[in-house]
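Engineer: Below are the structure tokens for one structure; questions will follow.
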Amino acid sequence: MSAITFPTSSTWDRVKGYTPPTRFLPVIATLALFVGLFGAGGVRYDGLADPQVLLSLLIDNAFLIVLAVGMTFVILTGGIDLSVGSVVALSTMIAAKTLQMGWSPYLSIAAVLATGTLLGLLMGLLIHYFDIQPFIATLAGLFLARGLTYLISVESISISDETFTQLAFKTVYFGEYYLRWTAIVALITVAIAAYVLARTRFGRTVYAIGGSESSAMLMGLRVAFTKVGVYVISGFCASLAGLLFSLYILSGNSLHAVGMELDAIAAVVIGGTLLTGGRGYVVGSLLGVLVLGIIKTLISFDGTLSSYWIRIITGVLLLAFVVVQRFATRRQS
Amino acid sequence: MTQMDVQPSETGTAAPTARTPVIEMRDISITFGSVRALSEVSLRLYPGEVHALMGENGAGKSTLIKALTGVYTIDSGTVLVGGEEHSFSSPAASQAAGISTVYQEVNLVPNLTVAENMLLGREPRRFGAINVRAMNRRARETLTGLGLDIDPASVLGEHPIAIQQLVAIARAVDVEARVLILDEPTSSLDSDEVAKLFEVMRRLREQGVAIVFVSHFLDQIYEISDRMTILRNGRLVEERMVSETSQLELVKLMIGRELEALERLDREPPNTEAEVGTPVLQALGIGRKGSLEATDLELFEGEVIGIAGLLGSGRTELARLLFGADTVDTGELTFRSERRRLRSPRHAIDRKIAFSSEDRKAEGVVGDLTVADNMLLALQASRGWLRPIPQSTRTRLVDEYIQALDIRPADPSALMRNLSGGNQQKVLLARWLITEPEVLILDEPTRGIDIGAKAQIQAKVAELAAEGLSVVFISAELEEVLRLSDRLVVMRDRRKIDERPNYDVSVSDVLEIIAGEARSEQQPEQQEETRA
Amino acid sequence: MPESPTLVQRVVRHQLMWPVLALVALLVVNVVATPTFFNIRMQDGHLYGNLVDIVRNSAPVMLVALGMTLVIATRGIDLSVGAIAAIAAAVACTRIVGAADEGAATTAIMACTYALVVCLLLGAWNGFLVSVLGIQPIIATLILMVAGRGISMAITDGQITTVNNSWFSDLASGFVLTLPLAFLVAVGVFLLTALLTRRTALGMLIEAVGINPEASRLAGVRSRTIIWTVYAFAGLCAGIAGLVIAANTNSVNANSLGLWIELDAILAVVIGGTSLAGGRFSLTGTFIGALFIATLARTIPNIGIPSELNYLFKAVVVIAVCLLQSPKARAVFRSRRGGPTVPTGPAAPVPAKAGSVA
């Protein structure tokens, strides 16, 4: 904070005296972390301060953003979805295979989205109606989706459909800077999700379940619908992320996206969402993905650090956020 | 078992005009498995009254409430809402009929705002989106209507429990509840907070809401309630006007013994010789916020202290502090002559203190382990896992105690959860006796078990005391406390109100102490308050 | 005993009946598909055959699952075991490669010991997060699950490290007394775990903490120590598994070594009848569960299905076992069938397990 004061300006006093509500603090911390990393990188490495680097972050991580959005819904209810990485792989495979078989790209896209949504629905039903722990039910989903991927093809299939590849490279220019369509889709997803969580009855019920499921039940909220709903959303987001990923990588492969669920969970947690549920924002998850992305970019700019540092740093960030959250919630209770 | 025809017409406040009850439950019976939880209980609620539901543990209060809120289904009996028959198949159906409940633990979500907690599920919407501004406005109106100044946009979890409790009531009111059930809302509030709550309750009464009020604090009942229904052992005892019932009468109705029969208890003279030398255990002003006010207690060798008091009087809380199950906020404990702060039960166990909790199922029984393992758990825990009890010792101890306490089935490898309550209690007693304690704290060791087992446990306690063990014996049954104890401690409203040697103390004496009549000489203002 | 159950009743009610039945069913499928499936031949004093392969291949999952069983019994979970396995392999292999005498027996032993001490510390770290900081187990171990592979790669400097030490590779491919050493190591750890839990009071205290934490606390059980111990032990087991896997290929690939082994291990534990809700555990059940997973992996190619489809079958097994254990699902099925005659699966009344060392 700057030490300069303007005794006459009451507006400045108000700005100075403004403290953000504590519930926004985690997101602000993540934003500060991102700005700090970006700023430090900009000072240290030539060319990193370019706005296009920021836009490229969005382009390169579009699929992860969408994945993290779906995961945010699940984690907000206090659950977890381990299946999303496998669903991404399955989605690339369905897209590649159907296109190879000569399906229309639109039909192919519909098939991918329907599959992911259906898988999410099945897991949600298992979790809610049979009281199976989310991590074990989605573990079954992980195996199932990976198995289905292999069932379609053990080999990698490349995507060469013209409409599809055109979609992949569709670009929007802002003067000399540009964004791919995939990134725009991701940003739209974030916007819709933020709206749903903040302004709809469904969204608020998601938070209520994360705060206390039994209370939500006693308050007469639609707990069953919402609990199943978040896994449907997560399944849908995972398949949408799978589509974006196949647009990015232009192939279907059963070895794609191994461990991507961990990246998504890490992004959500670094974005300030409480793993026990009830607190967090999709915007935070977007920032979480960007923090992971900027670390990746910094490491590649540096050149001397190996890529595995990304995982270690992610782990350290995860630890920091989890421990801080733990003490923050312990103090409150 | 008959209902007196009492109409709440002469209550001081807002005389209700309606002659038909807003809710009438007639001859309700509920059975769980083979246990009859409620038999032919009736309850009538009139608009604009505060109706206290009274009873000790196991009286059936919470079962009755859950029947009314649609959580339990009724086996027989009828529920009339405004004179028409209804059946509540779910909590939602009950809520639709205008019945709202606020539980002891605040059943709201701490991570959302006050306004959201009040209006979640019925928020004002515009084009499908929640209209936050309208929601906050409506919440503020409701809160103001109750005389509460709480920012609707603030997060609920940042407020103290009392405020959360009031928000829960505000939510219940906002549904335009005709009946509001308050299940022990005051148990964690301080006196200012209770006053605030009562203010809100009075306002609601004026608005014609029927309030069911459950509390263990007699003074609170007398301050706010108009009528009461008293239950005991799943049966209706009486329906009464509060203004026509003295506290002593009420306590007698709740505990309900035929007093004359109890006076003729055969009892050994109390062991007063014990009170020499240094106490085994001495508590100086121990207390904990929200559960027990500063309390002194001395326990001598070979002595049985009986603690009498109603549910919520602080009897259990005191026992837990003596054992370190909860940590004290104030005061100190001395063992023999060592001063010590108990941070966990381990510290107490290391000082030869044993504690059997009142909640056998949640805090005693390890259901999926065998009888033998359950018996040896405390001893094994104090030895650490690396030093298992030798097989021969195991067998000897387990067989010895199965025989001594007559545990059935006499099978050390039977699973604990398959035993009856009485036998489980005996196993838990054995668990502590095996550790060879110097102080044994028993909290309701005979609750909910059959007569035979009860007598055996009582006999064992007497025998152990004769052998030099010091015992703290807590029970809701006064006759049991009187029969066993050398010294009597009476608790009420979270503090010790009386302590005396157990000479010629009768059950009715204790009832008078609990009801506050015996204190009247020292505290005349109290008496006036209760009579008012 | 007034009315001792008949032998048939005892067998049907035994908690191991279902896992054993499943394993037998799987073996029958194999024999039907390939009548020579059970054939075992002796060559150079070693046994060869499908069954020998199965027991050998089951070793890593079995090792991890033994540690996992104890963790799950305390109501916990350890997701980091795969990453810990990779770290163990990386530490051992880089130590061997960096040693003065790469092929010596002492080199192998020193390297393995060093690796296992590291794993013990990593397990203790998990235990610290869970028992001292009070972080939910699934979250606490997620941290090491994420960071662990990075650490493993940092140790191997991102390379696939290949070792040349016959003593080390014997850990996976060696034979002792005609049996594969890897399996013997797993059996050894199994017996050690059984001894550790059933001959000391550890097993009983673990179960008490898992069944009723509050009652255990009031009985004076030091649950913090217990929880710390089981996570450290799970780390150690994962480390041994990592060494076996690395020895099998004489190399360590930090990216793929032990990938998803935590999931297989959890599956083995659940198949073995230990409930994810904690409490009573069965090491023998876990042992059979691990054999089941290894047999399943063998069965699929044997009946002519591409082995990659293994995942599909595992998904079915996970769902089936969970539904069997879920009280809600059982209630649903029971009411559909209109009577309480449905087999109650692994949670059926369990006879006393006083002597269930193995």
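Note: Cβ is positioned from N, Cα and C throughout, glycine not excepted.
So TrEMBL lists the following for this protein:
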- C:338-358: compositional bias 'Low complexity' (COMPBIAS)
- C:335-358: region 'Disordered' (REGION)
- C:20-42: transmembrane segment (TRANSMEM)
- C:54-72: transmembrane segment (TRANSMEM)
- C:79-98: transmembrane segment (TRANSMEM)
- C:104-125: transmembrane segment (TRANSMEM)
- C:132-155: transmembrane segment (TRANSMEM)
- C:175-196: transmembrane segment (TRANSMEM)
- C:226-247: transmembrane segment (TRANSMEM)
- C:259-278: transmembrane segment (TRANSMEM)
- C:285-305: transmembrane segment (TRANSMEM)
- C:311-327: transmembrane segment (TRANSMEM)
Engineer: Does the transmembrane segment (C:175-196) reach the transmembrane segment (C:104-125), going by 3 or more CB pairs under 8 Å (6 or more apart in sequence)?
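Structural biologist: No, the transmembrane segment (C:175-196) and the transmembrane segment (C:104-125) are not in contact.
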Engineer: Considering pairs 6 or more residues apart, do the transmembrane segment (C:259-278) and the transmembrane segment (C:54-72) have at least three CB pairs under 8 Å?
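Structural biologist: Counting Cβ pairs under 8 Å (6 or more apart in sequence), the transmembrane segment (C:259-278) reaches the transmembrane segment (C:54-72), since there are 3 or more.
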Engineer: Hey, which bits of the same chain come close to the transmembrane segment (C:132-155), Cβ under 8 Å, at least six residues off its ends?
Structural biologist: 71, 75-80, 82-84, 86-87, 89-91, 94, 122, 125-126, 224, 228, 252, 254-255, 257, 262
Engineer: Is it the case that the transmembrane segment (C:226-247) and the transmembrane segment (C:79-98) touch, counting contact as three or more CB pairs under 8 Å in which the residues of each pair are 6 or more positions apart?
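Structural biologist: Contact criterion met.
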Engineer: Do the transmembrane segment (C:54-72) and the transmembrane segment (C:20-42) share at least 3 Cβ pairs closer than 8 Å, excluding pairs fewer than 6 residues apart in sequence?
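Structural biologist: Per Cβ check, the transmembrane segment (C:54-72) does not touch the transmembrane segment (C:20-42).
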Engineer: Using Cβ atoms and a strict cutoff of less than 8 Å, what residues sit near the transmembrane segment (C:79-98) while being 6 or more residues removed from its termini?
Structural biologist: 60, 64, 67-68, 107-108, 110-112, 114-116, 118-119, 122-123, 126, 138, 141-149, 151-153, 155-156, 161-163, 165, 168, 234-235, 237-243, 245-246, 251-252, 254, 257-262, 265
